[in-house]
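Listed in TrEMBL:
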- R156, P157, Y158, V173, K175, M182, S183, T224: FAD binding site (BINDING)
- 102-207: domain 'FAD-binding FR-type' (DOMAIN)
Amino acid sequence: MFASRVFRPAQQLSSHVRRYATEPPKSGSNNTLLYGLLGAGALGGGYYYLNSGNPTTAQHGAKNESGAHGMPASKNEEKNIPAKTGAGTGIAPVKAFTGGDQGFISLLLESVENVSHNTKKFRFKLNDEDSTSGLPVASALLTKFKGPDMEKPVVRPYTPVSDEDEKGYLDFVVKVYPNGPMSEHLHAMKAGERLDFKGPIPKYPWTANKHDQIALIAGGTGITPMYQVARAIFKNPEDKTKVTLVFGNVSEEDILLKKEWEELEQKFPQRFRAFYVLDNPPEGWTQGKGFITKDLLKTTLPGPKDGNIKLFVCGPPGLYKAIAGPKKSPGEQGELSGILSELGYTQEQVYKF
């Protein structure tokens, strides 16, 4: 059965098991089943990697920058930047990124923070300290740089992790990938240097209570647009949307924004729960081991007939192919296939970042 039918108050199962919210389970459903599936190792794992090569690479982007976090930008994405908004349009406060013919803006790198062995957090200072980013939820920004020996500039989209209403700065969490030109450039940057940005690039327009329940299925750095949507939901007291996160990574230290997700779980135990799946779990790990499987998703997600729901998918190409099918292009969703199609979800119920 689908787990959206089993929401109930959270309880601590052990010191290593995070809190999650459910309703009283119907017959045939219990916590033992749920966590048994989470710890089922490689159950169905062969299915996950059809034509995807190295499993770890395919699932978590060890050698590929993920779909919404560093894949090459297309001309369609630049065309999708909306007509100019902001100052003079009745929208306050002033927004740093206004679209239209604004072009790229050079921002100063204010600070760099090490998050893990291959991930850093970058804070860029907005040129007007009283301005906000101007990004709607959900959207991203294009980044651009051109090295001295490069014929063409590198352009990549990234989703900020800072709140859209924060004034004066933008935060990005970026994992470095071998031969990933933008991520390598960012990781080599020092405070005081500059990078060019342009946007916003609109993705999925979110409004309060647009859906009763949503699920976020992410791998690796595909988590950043998911966090953008979840943060917007839980900062709005009028938004009562329930949220489920299924997040696959190589190791525990690769779980980006883990502290932020745990804070949401503590503050909203009736409406948010997160499930983590690791290729290489540490000793004593009590959650998912191996791959994101059909059985796991069937157990944790709201069902296709559970009313007004939406599923969001973001990660490296292997995750897209196995879970929902690849995007046709950056601006086109492509047909729904993979696990979600097999579970009975429709094209309209799924959005690929």
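Keep in mind that glycine also has a Cβ here, set from the backbone N, Cα and C atoms.
Annotations in TrEMBL come from automatic prediction, not curation.
Computed from a predicted structure; not experimentally measured.
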I'd like the number of other C-beta atoms within 10 A of the C-beta of Y158 (FAD binding site), please.
28
Segment confidence, the domain 'FAD-binding FR-type' (102-207), expressed as mean pLDDT:
96
Any idea of the Cα spread of the FAD site, R156, P157, Y158, V173, K175, M182, S183, T224, as a max distance in Å?
16
Kindly report the helix/strand/coil residue split of the domain 'FAD-binding FR-type' (102-207) according to DSSP, in that order.
8 helix, 48 strand, 50 coil
